[in-house]
Amino acid sequence: MGSSIFCLHLILSSFFLFTFLLAAVNGSKKCYIVYMGAHSHGPSPTSADLELATDSHYDLLGSIFGSREKAKEAIIYSYNRHINGFAALLEEEEAADIAKNPNVVSVFLSKEHKLHTTRSWEFLGLHRRGQNSAWQKGRFGENTIIGNIDTGVWPESQSFSDKGYGTVPSKWRGGLCQINKLPGSMKNTCNRKLIGARYYNKAFEAHNGQLDPLLHTARDFVGHGTHTLSTAGGNFVPGARVFAVGNGTAKGGSPRARVAAYKVCWSLTDPASCYGADVLAAIDQAIDDGVDVINVSFGVSYVVTAEGIFTDEISIGAFHAISKNILLVASAGNDGPTPGTVANVAPWVFTIAASTLDRDFSSNLTINNQLIEGASLFVNLPPNQAFSLILSTDAKLANATFRDAQLCRRGTLDRTKVNGKIVLCTREGKIKSVAEGLEALTAGARGMILNNQMQNGKTLSAEPHVFSTVNTPPRRAKSRPHGVKTTAIGDEDDPLKTGDTIKMSRARTLFGRKPAPVMASFSSRGPNKIQPSILKPDVTAPGVNILAAYSEFASASSLLVDNRRGFKFNVLQGTSMSCPHASGIAGLLKTRHPSWSPAAIKSAIMTTATTLDNTNRPIQDAFDKTLADAFAYGSGHVRPDLAIEPGLVYDLSLTDYLNFLCASGYDQQLISALNFNRTFICSGSHSVNDLNYPSITLPNLRLKPVTIARTVTNVGPPSTYTVSTRSPNGYSIAVVPPSLTFTKIGERKTFKVIVQASSAATRRKYEFGDLRWTDGKHIVRSPITVKRR
């Protein structure tokens, strides 16, 4: 395998610096998506149906161009299976003309999405309870199909071994395997575990120029897609570790699931870009292939407008997925801790935040005989040898700014000052900060202390740096009089300064850390700016220092100049990593309850989540060590062993979502287009607050009481549930009736929740409470989030 990787690296390395052989040649033309709702040809289209749909797209665009042939040349994707629309290279004026067509729901630019980049399953409790565990009850996700839309897959990873697997489930309608074999390999790239792999790059090439044909493959050259897919559905692999830490058995949440890879994210430099037209094509194909769960570990890096729920590719794709009984799970984003930054917020998307687990990759720093614990994957220095510390700002080149040197940006450090020392740099990125180490190494440093900024809080990341590095919590800068050179940073009583002596211990793995989970400071936060009545994120899952399978082609650090290749596993962080944890859990529930809807699976995971850590105290926020709230973790931290048998669920149908869109003020013609072009009449009696969501959010309360309705479906044995509430500060909550009795599975009961703000409630400030139904065995919890106008 090693020689094959080396050969592949030699073959492709020249292209990695000169990949885009042809520039984009379309002048002012850009890639637009023309969205037209759903097809009327039904869930199992024939080849004639597909041809007819594509012809209708040619006809529509041809009416604008005055030429059907020109329309064929302009269209790069015809979404002809389940999503109705096409992607085409258009002038702005042409896009505006198409938008006037009454059959068109929306026309929008194909957006650039960014990636939201072992022990975790033990931390989630899957190993503890034998026959009562979610793994046992969910048969390890057996024959559930998880589709991953990402950077592709490294098929040779043992995480995708099909040893012991039977025939591929008959529900699978895919089978295409667009992965080139490694040089000299006779092994099939897809098998009974990895049952399909496709790639989509037309929109990427439209924006950036054509890729070399050697790169036209679903093979993962980045590592992100392999990591996320193995986290969701990877097989058991003993002896998984990276840089001699984290030794254990790697596995996914649904280790016996079948998996499929859809490559839409492309990059020769980190991070990869995923263009919306490619994403939509992949989702349309995944629906048609017959997946049960779709994992999407990326999103836009900005908040779209309130009108944009149907100008966002992931939102559109997820809507069509749920209409075919497929759950789409997406990452919340890495733009925290700023409020209102959460991505992927449509109510039909399952949105996942990131938090820590109880394992650390740790290294001790001894600074002037004071011990400081930090995070590290790799320290290759003699543990008893002391090195001199230099602050990066004291080693800056004359032409470098103070800020650039503080962040150890490229070309800022003076080699004559840094050589042979430990350099202290300030961490710039919220997720990945490997470039700082490259600058320090280039300048001759022996190691680096990477000090968090306040925005990073106390989320410590063990990253695959290019040399010995330890990440430490933020240390306040010591003020200096004007004109005095800054030579120290740190706590006022004990600042670090140039000339201090430093020792670094070897990196080691520590288990049973407390408290855990803690909300990652980078995890994007609510409130939901697009649909304020829907709490987002939905839940949190492990997303810090996650060890999983990796592309053996990619460098450990993802830096092109990093020649360390051949890693079977790597440690990454981000909501990209927490997202597939939820997808893996969803796979278990789908195997256990194959008839459940996506909303029921989502409800089960949400209503059984916890807001307590492993010390039985409220979950903290790593940003400032205060208590986290529902805008950080949604309903709480996932608990798969409880989600597998939740007692009650809040179910939703396509009609419920259409009524929600009616109440949200969307055009009735648009709603009919989403309803497979069948007329849908908005009754006018629905409120956005009445969507049967497992959480309750009321963002515009006055002093007058507000009544909302919820319906629960019994999925457990006959029992009587009683309600309890924890009212938000300044508000009262009443539930009618206070008890619900169920005599059979599938029985539905409706209750009302009356919420009233008092004059003591603070205006324009969110407060938090919850509602719980319990029968003595199950606890079905819904967070309540309220704000007085």
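Numbers here mean position along the shown chain, with the first residue as 1.
Glycine is treated like the rest: Cβ placed from N, Cα and C.
Within 10 Å of the C-beta atom of Asp150 (active site, charge relay system) sit 29 other C-beta atoms, taking all shown protein chains into account. Sequence annotations record features per position, and here Swiss-Prot assigns active site, charge relay system to Asp150 (among others).
His224 (active site, charge relay system) is surrounded by 30 other CB atoms, counting those within 10 A of its CB over all protein chains shown. The DSSP secondary structure for His224 (active site, charge relay system) is helix. Annotation comment: Swiss-Prot describes His224 (among others) as active site, charge relay system, evidence class sequence analysis.
In this structure, Ser576 (active site, charge relay system) is part of a helix by DSSP. The feature active site, charge relay system is assigned by Swiss-Prot to Ser576 (among others), with sequence analysis given as support.
What Swiss-Prot lists as domain 'Inhibitor I9' is 32-116.
Look at Swiss-Prot and you will find 120-644 tagged as domain 'Peptidase S8'.
Marked as domain 'PA' by Swiss-Prot: 401-489.
Summarising the annotation, Swiss-Prot assigns region 'Disordered' to 468-499.
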For a quick check of packing: other C-beta atoms within 10 Å of the C-beta of Ser576 (active site, charge relay system), how many?
32
Rounded Cα separation (Å) that holds between Asp150 (active site, charge relay system) and His224 (active site, charge relay system):
7
If you measure Ser576 (active site, charge relay system) to His224 (active site, charge relay system) at Cα, how many Å is it?
8
For the domain 'Inhibitor I9' (32-116), residues assigned helix / strand / coil by DSSP:
34 helix, 28 strand, 23 coil
Per-region confidence, the domain 'Peptidase S8' (120-644) (mean pLDDT, whole number):
91
